[in-house]
């Protein structure tokens, strides 16, 4: 049984999450020749202020480039 954890920034719509889990499920079914009902996906949402790349908080790196949801 494949178990996948996806980390994404908080604020994505439920519709985007539906598309995400459908795409991941389809990819795993194809790649691993498994059944969709055996695929488990956990979405772990994080705040942009709690994520850093290259020594800069993601919220600082992208300040002014996105709306309040980070999109």
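Quick reminder: no glycine exception, Cβ is built from N, Cα and C everywhere.
Going by TrEMBL, these are the annotated features:
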| type | residues | note |
| --- | --- | --- |
| ACT_SITE | 2 | active site, proton acceptor |
| DOMAIN | 2-60 | domain '4-oxalocrotonate tautomerase-like' |
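Secondary structure at residue 2 (active site, proton acceptor), taken from DSSP and collapsed to helix, strand or coil, is coil.
The Cβ neighbour count for residue 2 (active site, proton acceptor), using a 10 Å radius over every protein chain in view, is 15.
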